[in-house]
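K.L.:
Just dropping this structure here.
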Amino acid sequence: MSIVLGANQYGKAETRVVRVDRDADGHRVTDLNVSVALSGDMTDTHLTGANDKVLPTDTQKNTVYAFARDGVGEIEDFALRLARHFVDSQPTIGRARVRVERYPWARLELAGRPAHHSFSRSGEGTRTATVTYDGQRAWVVSGITDLTVLNSTGSEFWGYVRDPFTTLRETRDRVLATAVDASWRHEAADDVDWGKSYATARRALLEAFGETHSRSLQQTLYAMGERVLTNCPEVVEVRLRLPNKHHFLVDLAPFGLDNPNEVFHAADRPYGLIEGTVLRDDAPPADPAW
Ligand SMILES: O=c1[nH]c(=O)c2[nH]c(=O)[nH]c2[nH]1
């Protein structure tokens, strides 16, 4: 028996970089959280402490800032530029994975007009991109997190398994709420209009959530993934994580009041976590994309 080093990667996680584009007719704010993970032949590094193959994570952070100086553009393109740079410029780095989260800022409206340089953090969800590059190929996964949505009707949950521990009451009309965490894998890494693709996928998720009469969050999950694949031919696989943000009907009987599906306790924990993948049956292998 001998002990060997297994899979490993290293990098600077969560570099926060904010870029302001000072256009004359209105500033633009790009607020990012960038995480870099590099891998290569790091056996010596771990076994002997030799650092001659290590590009310091501090340098990686500086690279993120320096690249932002040239403009960010679509976050998929920014991640591709960074990933290609690390692998192509460092012989000891065989693979880079760069994840970018873009926090949403919405322009304020002041005196009935779009503000020139004032913004508020909006609830439209955090756009994400994860790029993996191995020196030959790049894989791009785009996504959205923290997209909180709610249907105040059109949701049922009944007919489930019962055992001695089951207390849940069946419902034909409940509130359905979730914070969507969705990622979708693109077939190609080049010649994609990332902004348009993101807008289409986001709209597909919202429309499917709102338009599906739901018998479970699992059914809604599938409908959301299916809608993204139908509306975005450039996407081959969608992964969804949907926390069930339970809204429990409050018992108002102790106060002599009825509660005709109007007053709820929004519980934050525990929550059901519904996860699933929806993909084209001809999707090429994911390889190291995720
Ligand atoms: O949509 C739902 N799916 C479940 O699996 C589940 N389980 C549960 O208690 N409530 C719900 N709701």
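From the backbone N, Cα and C atoms, a Cβ is placed for every residue, glycine too.
TrEMBL lists LYS12, THR57, HIS246 with the feature active site, charge relay system. Residues or ranges marked as urate binding site in TrEMBL: THR57, ASP58, PHE157, ARG174, GLN218, ASN244. The 5-hydroxyisourate binding site annotation in TrEMBL covers THR57, PHE157, ARG174, GLN218, ASN244. Here TrEMBL flags THR57, ASN244 as O2 binding site.
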K.L.:
Please report the three-state DSSP label of ARG174 (urate binding site).
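P.N.:
ARG174 (urate binding site) sits in coil per DSSP, no helix or strand.
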K.L.:
Can you see whether DSSP assigns HIS246 (active site, charge relay system) to helix, strand or coil?
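P.N.:
Assignment for HIS246 (active site, charge relay system) reads coil.
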K.L.:
Same chain only, sequence gap of 6 or more: which residues have a CB within under 8 Å of the CB of THR57 (active site, charge relay system)?
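P.N.:
The list for THR57 (active site, charge relay system) reads TYR10, GLY11, LYS12, VAL36, given in order along the sequence.
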K.L.:
Using a Cβ-Cβ cut-off under 8 angstroms and a sequence gap of six or more, which residues of the chain neighbour HIS246 (active site, charge relay system)?
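P.N.:
Once residues fewer than 6 apart are set aside, HIS246 (active site, charge relay system) is near ALA266, ALA267, TYR271, GLY272.
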K.L.:
When you measure from the Cβ of PHE157 (urate binding site), which residues in the chain that are at least 6 apart have a Cβ under 8 Å away?
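P.N.:
Counting only residues 6 or more apart in sequence, the Cβ neighbours of PHE157 (urate binding site) under 8 Å are LEU168, GLU170, THR171, ARG174, ARG215, SER216.
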K.L.:
Could you work out which of the recorded positions (LYS12, ARG174) has its C-beta surrounded by the smallest number of other C-beta atoms within 10 A?
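P.N.:
So among LYS12, ARG174, the recorded positions given, the one with the fewest Cβ atoms within 10 Å is LYS12.
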